[in-house]
Amino acid sequence: MGMICVNQNEEANLTTSTPRCVADWAHTQEQVVHAAYPLAGLVLIAVVWMAASRRQRKSLRKGELGFSLNCRRWARTSRTAAIINRPVQLLVSFGILGLTMSRLNSYDVTEWSYYTVLGLYAVAIVDDVVRFLAARYKLLFCFSPLTLLELLCLASNFGVGFGSVKVIGGVRTRTYLDFSVMRPVFILRSYLEMEKHIPRSTKGWMMVRLGIKILLMIMVGASIMFFFETLGEMPFFTDNGFAHLYSCTDGSVTRVESSQCSDATWSVMFAFYFTVVTLGTVGYGDNAPQTVPSRLLAIMFIAMGIILFSMEIDNLISLYKLRQIGNPPYTPKLDSKHVLVIGNPSFAQLSAILRELFHPDHLSDTDTQQLQAVVLGERNSKFTKPLIAKLKADPIFASRVTYVAGNATRSEDLERSIARDARAVFVFPDKLTGDAATEDAMNIMRVLATKRYVGSTVRFLVMVLRAENARHMLAAGVHPDDIICENVIKMGSLAQNAVSHGISTMLSNLGSSLSVHTSEDTNESSTPLLNVIGKDKSMGPDILATDVDEKGLPECSWLKEYYAGAAKEMYLIHLSKKYAGLTFSQAAIKVFQETSGTVLLIGVEVMFSDEDSGFNDNVESRVLLNPGESLLMTEWIQCYCIADDLDQVFNYKICPMEVTREDMRRPGSTSTFMNPTGDVYQPMLTATHEDDLPCDELRSLTAYTAYMTPNYESMKRRSPLTTSTTGSLVLDRSLESIALNFRNSNRTITSGNPYEVSQVQAGGDVAQNSLYAPSNNTLKTPSLDTLLHPDHIVICSFLGEESLESLQWLILPLRSPYATTHPPITILDTAEPSPVLMRILSSFKNVYYVRGSPLVYSDLQRAGAKAAAAVVVLGKRAKTTIISESASDAELESSIADAEAIFVTMLVELKMDFSKIFTVTELADEANSKFMGMSFQLNQLQAVSSSAERGNSGIAADLSCMEVLNLWDNILQHDAPEQKSEKEIFGLPLYMSGRILHPELCENMVVQTYFNPSIHKIVRQLVGGPRCTGVIHTFSVPRALRNDCTYADVFHLFAGSSYSGICIGIYRMSNQAMGSSNHVELPIVITTPKADLEILSTDRLFILIGAHTLERAATRIQKRYRLYKGIPNPSNRK
């Protein structure tokens, strides 16, 4: 066994030629010099890395990630990286420390131990590389204390074996002491990284974990002290009077130690050391003052140390906190733009908001400015700590999101957020709160303060919880189209879904940007849950279908169609002049034929203007859904369409040639009420125009941008109607009546609240309307006939006394004059109905109230849930606000909030006939969707239970193995969990069938409204909100089309009818897998399928029908009924 150096104290080594092992500063100084070389190389690599990263960043387009961000993401989120950083580094450091301690014990260095340590350092270098990749600031990483110590360890260990041999005291020597003795520092780091992710356990294990931590901290301090004390005094401080003074036997003082001058006495360093330890503690007794003044001063130091030292430590902690995330102001990057997010959303809400905001669908290939988000919130907000953990752990997230700790009502905090330069301000409440009024009131104050600071040029997009609070946002200066009310949207979606199953899923898919990826797992049991199609907006459905076939899923045609439809979104565009002169139905059919069904027109946006003012004064906008044969299209008319992407619309030349692809992508490029001029075309038309189309009420039914285009005159010549009045563009007066009624109702509502119900929407005088009952302020319990009614709907509510009034937004769509049926409704809640609730609900017919708990089976029976056609389960609002300590705490809070709704749904599914009852559940967090559908796995659970009873022998071993696996997963967990993909809910069978309401429906709509200012007006109408001009109804396939029929045939049949309807999707039965082996038949929503998709006789069709078309049909039916009964027509009476 070869020796690198031998123990100098052994007599056997006195004659050997092998260098002696010593610990001397001469060798240590050489090791430090050697460490400077790898440090310089590392700094050079960091500089080149940063330069290359910045250069690449300038060429990135449409959400592409550079190599630096990709490497950071891998190093911070990869399981392999976690294994290298934690258990591998821990074991390597223990090995190095053990061999080093053996060397220190024998005072010699053997070749086998040295090269073993060298090999362990080679593994440790891999950990250093991973940490370098994970570092956000590469230069700061190079000079961090742990990096410098690692370089010293590497260089000093190299010097032990390959360093120069120095002659000290006439003897050839090598060092046996290197910085490897400080490896406990790295052991402690790896242990802390693993230990903080291990959940709390029993008291005994917690004490063990704490003991290990204290032991490692002691080892760190002891190893550092051992290293320096073994080396002895540094040469610089030897014979230095500042550090050491010695008293001689003759009473003199000298700085040179000798046999006559060996007693250490007070020096400057000695006095400094004594003062610090006396102020910090009470002194160690190694030094003691001898004079009376010094002793009195020491007493004063002890008293002062107790008071002043603690105060100064407080100040030091405050200064350290200034470096924490949230304290520094926002510093915008070059070529960037930002939006400001304020309010009090939960972490689940904030995650969904930012995910939608940064989705690649909203990016452009030529957009040189990167969008960033600044989140302004207080330190005690619910989302703060999970957000900070996410910022620390996710490099891509941190590159786009900045957290600023502060209050939106303080000007200095708004200044730190650079609010004046923000492109928009998003305001979100905590939807889990138990006090919605207070939550909205706080956001109103935030809006007022922020608007006062930024002025009127910055756009505000606000989500409110209660509809009545929307008027306060209007008074604060927020535009009506930028206020999204959760009560109206969610309750309306639940109501429509209860009678037309699957509508909520369709609206959620159209209002969200999906980013799901295909799993390579071809296991059929996991296909509906995990296998999802990568949504590339540049690809059409044919490419998507091919992608699935390549993944081994050719048999799941329904799955391909579902995700192809889920990839579609709604867009606002200008229509090309080639469609001018056609009716809306004709234009929709023509667009359908030209695009093979990939683009569907669903509505138009028109402008209203006062007849006594200029055209551009007092302009109001209105969305008309499917005007059908009642409206002629004009050039540049604004239309809503459903498509895969704006690129698709552009490639088919549906828009005018003057509109470029980037004009369509840019927010605000399409003229709307918010942006009446747009960026594409600006009309120059006044009220005094000498054209034969004066600016009156009828004129408001057409798109104003068409009147000054070159195509206008030719369009009038092609029109079969006379061109003397604006009515030439309106082929049906029912459309005119609908539009003008809404315009007049808008004038009567002085507040301008888009969520305020007018009499037009409510059906006029409730006393005369058969849909409403005279208000007697009493709520009845349902009769037996009501409970057995085939259309009976049961609402399981946890809203409580304070929020039950919001149920009116669930009932209003079911009592709309455009609803096909008016089913009886029973509300089940534990709260005592308030007088306000009684007054609201008693105004509706066939609405009943049962006081009881939805969690009790007998109460569900009393409410009629056993025989109901649909059961709506509402989520519960939290009574108290809990500050989340971490991302896991935030997830736990949202899980608890959804517990009641999940348990009720399970009770209904397990106890009732699930095949005959349609349940739809409101959840607060999409992560909780994995707990739904447990009834489908009941048989599997029973089988597992029975098999467990037959074989209990291996249970203990299995449990032990599971505990080890759980421990392994915990120690490899990252600081923040990976961002949950939308596939958790979008790929869930119950969501596909419309049985789960998307938890972040409103949050997604707010963000979508930023990119498309009028998108939510369509959803607000489709859910039955105030002033709706169209509804979606489900119909069976017509008998004439039940054999050899395609989606194109169905579309042409409905769109070409005199009572026009747009078929926007189908509801098809599918065979899906729940769990590992259970298959169940569930219908799914397929939005705008391919034109050649074969229609099955069992399919249900989603048909968008204009309100004016329903009125025309009702008028015709009434006329025929009067004619049949011989009843005179009221309009003919004088």
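Any Cβ shown, glycine's included, is placed from N, Cα and C.
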Residues flagged as transmembrane segment in TrEMBL, choosing from 82-100, 386-404, 861-879, 1089-1107: 82-100
Top partner of the domain 'Calcium-activated potassium channel BK alpha subunit' (553-604) among 336-455, 791-909, 1044-1105 - counted as Cβ pairs under 8 Å: 1044-1105
Non-local residues, at least 6 beyond the ends, that sit with Cβ under 8 Å of the transmembrane segment (204-228): 177, 179, 181-185, 187-188, 191-192, 195, 198
Secondary structure tally of the domain 'RCK N-terminal' (336-455) (DSSP, helix then strand then coil): 58 helix, 26 strand, 36 coil
For the domain 'Calcium-activated potassium channel BK alpha subunit' (553-604), the number of residues DSSP places in helix, strand and coil: 24 helix, 12 strand, 16 coil
Local confidence of the domain 'Calcium-activated potassium channel BK alpha subunit' (553-604) - pLDDT mean: 85
